[in-house]
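Take a look at the structure set out below.
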């Protein structure tokens, strides 16, 4: 595959960003829709049929030789977290574009339908819920849920979608029919150090971690820092600090090996140097490959937070803002990707993904596989995030070969 064209595309997508350090292209923003327009332009130029569904996902279709054949798909997302790098999600979208280009330019026509997808709003940075586009494709998003999710400025997901020309009230229409699908394979950067440390080009993902996300609100009493004795304070921030440290202790104890707990956002009010914090809101992200332990941990933290707050005279309210189970990817598709890497003489290894991905939601609809390519220094969700264009091109070679193998497999059975 052409590393040069991949680089050009990634540069074009990176330019679609809010001003400042890194890339900021939030879900359901005008910039995200501009990025989807670039994706649509590239696939339309190849002669594919392109459409956008009611959730904001952009889909391009290459019909197969067999009329009405089910689809083999690939793709990823185009939104980012604030001050992100250039590769998260984008690498997989560029791989999809290059895969389509390779098939069309070769003159070879697959038996099955091939679809190339750019998902909307994968990152949970703006509204707290990740993978909204792929969740809609999986049929697990409803208009009332969109109304209940709001960003830091109070804009609901429904309002944000309408503002960029989408139709959230018809989001059920974006659901994929499982009978129309054979498989979906997503290329993504690793966002870790395993591949680079082992000098391996291709990661074949065998499992994706689950995630339970909580929004915790603490209500103390705001008062003057000089006039309120220490023993009379109901300091919401001190209670929150205890909660944050508890998260680390729980995640690192012997009974939670493999559990990761993160406080990623903490808002303090009124935010004055001379006022005791009266209100604090923070987020909790619990990740695990064991679904029972994942939810048990979230429940344990909530219980312990309440104890801390009771001791300090601080009120607490906890809301679950996201809950996704771990996924074990199908062995047959894992083996198909392994064979593709082996046939191309590329070093590969099996590994699990601690991050959530659109493929996790699409696994509710069809067989799903994932290909990882190395992240330099393991950095992601930061401006320094880097993956070599050559590695993305090699990963795309594996992707096309794996999709062709699924196509041939189906053709032999059809």
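Glycine is no exception: its Cβ is also placed from the backbone N, Cα and C atoms.
DSSP assigns residue 88 (Zn(2+) 1 binding site) to coil in the three-state reduction, placing it in neither a helix nor a strand. Residues annotated as Zn(2+) 1 binding site in TrEMBL: 77, 88, 188.
In three-state terms derived from DSSP, residue 123 (Zn(2+) 2 binding site) belongs to neither a helical nor a strand segment and is classed as coil. Sequence-distant neighbours of residue 123 (Zn(2+) 2 binding site): residues of the same chain at least 6 apart with a C-beta under 8 Å from its C-beta are 26, 27, 77, 79, 80, 81, 89, 130. The Zn(2+) 2 binding site feature in TrEMBL is assigned to 88, 123, 381.
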CB within-chain contacts under 8 A for residue 88 (Zn(2+) 1 binding site), separation at least 6:
80, 81, 188, 189, 191, 380, 381, 385
What three-state secondary structure does DSSP assign to residue 381 (Zn(2+) 2 binding site)?
coil
For the recorded Zn(2+) 2 site, whose residues are 88, 123, 381, find every other residue on that chain with a C-beta no more than 8 angstroms from the centre of their C-beta atoms, and list them by sequence position.
80, 81, 84, 85, 89, 125, 380
An 8 Å radius from the center of the 77, 88, 188 Cβ atoms defines the neighbourhood of the Zn(2+) 1 site; name the other residues of that chain inside it, in order.
76, 87, 89, 90, 91, 92, 122, 189, 357, 358
